[in-house]
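Novice: Annotations for this protein, taken from Swiss-Prot, read as follows:
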ACT_SITE  HIS22  active site, proton acceptor
BINDING   TYR17, TYR68, ASN70, ASN116  tRNA binding site
SITE      ASN12  site 'Discriminates between blocked and unblocked aminoacyl-tRNA'
SITE      ASP95  site 'Stabilizes the basic form of H active site to accept a proton'
Amino acid sequence: MSEIKLIVGLANPGAEYAQTRHNAGAWYVEELARICGVSLVPDSKYFGLTARAVLHGKDVRLLIPTTYMNLSGKAVGALANFFRITPEEILVAHDELDMPPGVAKFKLGGGHGGHNGLKDIIAKLANDKNFYRLRIGIGHPGDKNKVSGYVLGKAPAKEQELINAAVDEAVRSTEVLFKEDMVKAMTRLHSFKAE
(Lines of atoms letter the chains of each structure in order from A and count residues from 1; the text may use other names and numbers.)
(Lines give C-alpha, C1' and ligand atoms only; values in the text may rest on other atoms or scores of the structure.)
Protein backbone atom coordinates (compact mmCIF):
# COMPACT_ATOMS: atom_id res chain seq x y z
CA MET A 1 0.00 0.00 0.00
CA SER A 2 1.18 3.53 -0.79
CA GLU A 3 1.60 5.95 2.07
CA ILE A 4 -1.18 8.52 2.36
CA LYS A 5 0.27 11.96 1.53
CA LEU A 6 -2.93 13.99 1.11
CA ILE A 7 -6.09 13.90 3.24
CA VAL A 8 -9.08 15.79 1.87
CA GLY A 9 -12.31 16.67 3.69
CA LEU A 10 -15.22 17.48 1.39
CA ALA A 11 -17.53 20.38 2.20
CA ASN A 12 -19.45 23.34 0.90
CA PRO A 13 -17.93 26.70 1.86
CA GLY A 14 -19.50 29.34 4.10
CA ALA A 15 -21.07 29.54 7.54
CA GLU A 16 -24.53 28.53 6.29
CA TYR A 17 -23.20 25.07 5.28
CA ALA A 18 -20.69 24.51 8.11
CA GLN A 19 -23.02 22.36 10.23
CA THR A 20 -24.77 20.50 7.39
CA ARG A 21 -24.44 16.74 6.89
CA HIS A 22 -22.66 17.24 3.54
CA ASN A 23 -19.71 18.76 5.45
CA ALA A 24 -18.92 15.64 7.50
CA GLY A 25 -15.64 15.14 5.61
CA ALA A 26 -14.46 18.61 6.61
CA TRP A 27 -15.30 17.96 10.29
CA TYR A 28 -12.90 15.00 10.17
CA VAL A 29 -10.04 17.04 8.62
CA GLU A 30 -10.63 19.89 11.09
CA GLU A 31 -10.36 17.42 13.99
CA LEU A 32 -7.23 15.86 12.47
CA ALA A 33 -5.65 19.33 12.16
CA ARG A 34 -6.56 20.05 15.78
CA ILE A 35 -4.92 16.92 17.17
CA CYS A 36 -1.83 17.54 14.99
CA GLY A 37 -1.63 21.10 16.35
CA VAL A 38 -1.77 22.76 12.91
CA SER A 39 -4.01 25.47 11.48
CA LEU A 40 -5.83 25.16 8.18
CA VAL A 41 -5.16 28.35 6.22
CA PRO A 42 -6.66 29.62 2.94
CA ASP A 43 -4.44 28.98 -0.09
CA SER A 44 -5.81 30.30 -3.37
CA LYS A 45 -3.29 28.22 -5.34
CA TYR A 46 -5.07 25.07 -4.14
CA PHE A 47 -8.63 26.49 -3.95
CA GLY A 48 -8.98 25.52 -0.31
CA LEU A 49 -7.85 25.52 3.29
CA THR A 50 -4.57 23.65 3.67
CA ALA A 51 -2.07 22.59 6.30
CA ARG A 52 1.06 20.48 6.48
CA ALA A 53 0.91 18.04 9.36
CA VAL A 54 3.13 15.31 10.76
CA LEU A 55 1.49 12.10 11.94
CA HIS A 56 3.79 9.56 13.58
CA GLY A 57 6.81 11.06 11.83
CA LYS A 58 5.17 11.10 8.39
CA ASP A 59 4.38 14.25 6.41
CA VAL A 60 0.81 14.65 5.20
CA ARG A 61 -1.05 17.53 3.56
CA LEU A 62 -4.54 18.36 4.77
CA LEU A 63 -7.04 20.02 2.44
CA ILE A 64 -10.62 21.27 2.67
CA PRO A 65 -11.68 22.61 -0.75
CA THR A 66 -13.40 26.01 -0.59
CA THR A 67 -15.04 25.61 -3.98
CA TYR A 68 -18.58 24.26 -3.93
CA MET A 69 -18.86 20.50 -3.44
CA ASN A 70 -19.38 19.73 -7.14
CA LEU A 71 -16.04 21.45 -7.96
CA SER A 72 -13.95 19.67 -5.29
CA GLY A 73 -11.69 18.10 -7.91
CA LYS A 74 -10.25 21.51 -8.79
CA ALA A 75 -8.60 21.77 -5.35
CA VAL A 76 -7.58 18.11 -5.14
CA GLY A 77 -6.14 18.12 -8.67
CA ALA A 78 -4.19 21.35 -8.11
CA LEU A 79 -2.55 20.17 -4.88
CA ALA A 80 -1.92 16.60 -6.06
CA ASN A 81 -0.34 17.83 -9.31
CA PHE A 82 1.90 20.36 -7.56
CA PHE A 83 3.25 17.87 -5.01
CA ARG A 84 3.21 14.90 -7.45
CA ILE A 85 0.82 12.94 -5.27
CA THR A 86 -0.74 9.91 -6.98
CA PRO A 87 -4.39 8.84 -6.49
CA GLU A 88 -3.27 5.87 -4.31
CA GLU A 89 -1.67 8.39 -1.91
CA ILE A 90 -4.92 10.35 -1.42
CA LEU A 91 -7.60 9.81 1.25
CA VAL A 92 -10.89 11.65 0.64
CA ALA A 93 -13.32 11.95 3.56
CA HIS A 94 -16.98 12.41 2.64
CA ASP A 95 -20.53 11.99 3.91
CA GLU A 96 -22.11 8.63 3.08
CA LEU A 97 -25.88 8.22 2.65
CA ASP A 98 -25.69 4.42 2.55
CA MET A 99 -24.34 4.09 6.10
CA PRO A 100 -26.09 5.08 9.34
CA PRO A 101 -24.86 7.87 11.63
CA GLY A 102 -22.28 6.50 14.08
CA VAL A 103 -20.41 4.43 11.49
CA ALA A 104 -17.39 5.27 9.31
CA LYS A 105 -15.39 3.06 6.97
CA PHE A 106 -12.23 3.23 4.86
CA LYS A 107 -12.43 2.05 1.26
CA LEU A 108 -10.08 1.93 -1.73
CA GLY A 109 -11.48 2.81 -5.14
CA GLY A 110 -15.02 2.39 -6.39
CA GLY A 111 -17.48 4.71 -8.09
CA HIS A 112 -18.88 8.01 -6.87
CA GLY A 113 -22.27 6.65 -5.78
CA GLY A 114 -23.94 9.88 -6.90
CA HIS A 115 -21.70 12.01 -4.64
CA ASN A 116 -20.90 15.14 -6.68
CA GLY A 117 -17.68 15.85 -4.80
CA LEU A 118 -16.31 12.38 -5.55
CA LYS A 119 -17.57 12.62 -9.14
CA ASP A 120 -15.54 15.79 -9.76
CA ILE A 121 -12.41 14.42 -8.04
CA ILE A 122 -12.52 11.28 -10.23
CA ALA A 123 -12.85 13.49 -13.33
CA LYS A 124 -9.93 15.73 -12.29
CA LEU A 125 -7.72 12.70 -11.53
CA ALA A 126 -8.08 11.62 -15.18
CA ASN A 127 -10.87 9.17 -14.26
CA ASP A 128 -8.57 7.30 -11.87
CA LYS A 129 -10.89 6.02 -9.11
CA ASN A 130 -8.10 4.27 -7.21
CA PHE A 131 -7.91 6.64 -4.24
CA TYR A 132 -8.85 5.90 -0.64
CA ARG A 133 -12.10 7.14 0.83
CA LEU A 134 -13.25 7.63 4.38
CA ARG A 135 -17.03 7.21 4.27
CA ILE A 136 -18.77 8.91 7.19
CA GLY A 137 -22.31 7.63 7.68
CA ILE A 138 -25.09 10.24 7.74
CA GLY A 139 -28.05 7.94 6.99
CA HIS A 140 -30.59 8.25 4.17
CA PRO A 141 -33.87 10.20 4.11
CA GLY A 142 -35.61 7.15 2.60
CA ASP A 143 -36.60 8.87 -0.64
CA LYS A 144 -34.10 9.75 -3.37
CA ASN A 145 -36.02 12.94 -4.14
CA LYS A 146 -35.30 14.19 -0.62
CA VAL A 147 -31.52 13.61 -0.72
CA SER A 148 -30.51 17.16 -1.67
CA GLY A 149 -32.44 18.80 1.15
CA TYR A 150 -31.25 16.08 3.53
CA VAL A 151 -27.51 16.44 2.91
CA LEU A 152 -27.78 20.24 3.01
CA GLY A 153 -29.70 20.08 6.30
CA LYS A 154 -28.45 19.81 9.87
CA ALA A 155 -28.71 16.50 11.68
CA PRO A 156 -30.87 16.37 14.85
CA ALA A 157 -28.79 16.50 18.06
CA LYS A 158 -28.75 12.71 18.68
CA GLU A 159 -27.72 11.94 15.10
CA GLN A 160 -25.07 14.65 15.25
CA GLU A 161 -23.64 13.05 18.41
CA LEU A 162 -23.37 9.73 16.56
CA ILE A 163 -21.69 11.35 13.54
CA ASN A 164 -19.24 13.18 15.83
CA ALA A 165 -18.40 9.93 17.63
CA ALA A 166 -17.68 8.23 14.29
CA VAL A 167 -15.52 11.19 13.20
CA ASP A 168 -13.53 10.96 16.45
CA GLU A 169 -13.03 7.22 15.96
CA ALA A 170 -11.99 7.84 12.33
CA VAL A 171 -9.32 10.28 13.57
CA ARG A 172 -8.02 7.68 16.06
CA SER A 173 -8.04 5.06 13.28
CA THR A 174 -6.11 7.46 11.04
CA GLU A 175 -3.43 7.61 13.73
CA VAL A 176 -3.31 3.78 13.58
CA LEU A 177 -3.02 4.03 9.79
CA PHE A 178 0.06 6.27 10.07
CA LYS A 179 1.59 4.38 12.99
CA GLU A 180 0.93 0.89 11.60
CA ASP A 181 -1.01 0.26 8.36
CA MET A 182 -4.36 0.46 6.57
CA VAL A 183 -5.34 -3.12 7.47
CA LYS A 184 -5.08 -2.39 11.20
CA ALA A 185 -6.81 0.98 10.75
CA MET A 186 -9.68 -0.67 8.86
CA THR A 187 -9.99 -3.45 11.45
CA ARG A 188 -10.31 -0.87 14.21
CA LEU A 189 -12.68 1.52 12.43
CA HIS A 190 -14.92 -1.12 10.85
CA SER A 191 -15.69 -2.72 14.21
CA PHE A 192 -16.88 0.63 15.63
CA LYS A 193 -20.51 1.70 15.88
CA ALA A 194 -21.62 4.58 18.08
CA GLU A 195 -24.93 3.94 19.84
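Please read every residue number as a count from 1 along the shown chain.
Positions of Cβ are set from backbone N, Cα and C atoms, glycine also.
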Novice: Would you list the other residues of this chain near tRNA - those whose C-beta lies within 8 angstroms of the C-beta centroid of TYR17, TYR68, ASN70, ASN116 - in sequence order?
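Specialist: Leaving out the recorded residues gives ASN12, HIS22, THR67, MET69, LEU71, SER72, GLY117.
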Novice: ASN12 (site 'Discriminates between blocked and unblocked aminoacyl-tRNA') to ASN116 (tRNA binding site): how many Å between their Cα atoms?
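Specialist: Rounded to the nearest whole number, the Cα-Cα distance is 11 Å.
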Novice: Measuring Cα to Cα, how many angstrom lie between TYR68 (tRNA binding site) and HIS22 (active site, proton acceptor)?
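Specialist: So the alpha carbons of TYR68 (tRNA binding site) and HIS22 (active site, proton acceptor) sit roughly 11 Å from each other.
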Novice: Does anything in the same chain, at least 6 positions from TYR17 (tRNA binding site), have a Cβ under 8 Å from its Cβ, and if so what?
Specialist: ALA11, ASN23, LEU152
Novice: Of all the Cα pairs drawn from TYR17, TYR68, ASN70, ASN116, the residues the record ties to tRNA, which distance is largest, in Å?
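Specialist: Farthest-apart Cα atoms in TYR17, TYR68, ASN70, ASN116 are separated by 16 Å.
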Novice: To the nearest whole angstrom, state the Cα distance for the pair ASN116 (tRNA binding site) and ASP95 (site 'Stabilizes the basic form of H active site to accept a proton').
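Specialist: If we compare the Cα positions of ASN116 (tRNA binding site) and ASP95 (site 'Stabilizes the basic form of H active site to accept a proton'), the gap is 11 Å.
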Novice: Starting from the Cβ of ASN116 (tRNA binding site), draw a 10 Å sphere and report how many other Cβ atoms land inside it.
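Specialist: Taking all protein chains shown, ASN116 (tRNA binding site) has 17 Cβ neighbours within 10 Å.
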Novice: State which of the following recorded positions has the fewest other Cβ atoms within 10 Å around its Cβ: ASN12, ASN70.
Specialist: ASN70
Novice: How many whole Å apart are the CA atoms of ASN70 (tRNA binding site) and ASP95 (site 'Stabilizes the basic form of H active site to accept a proton')?
Specialist: 14
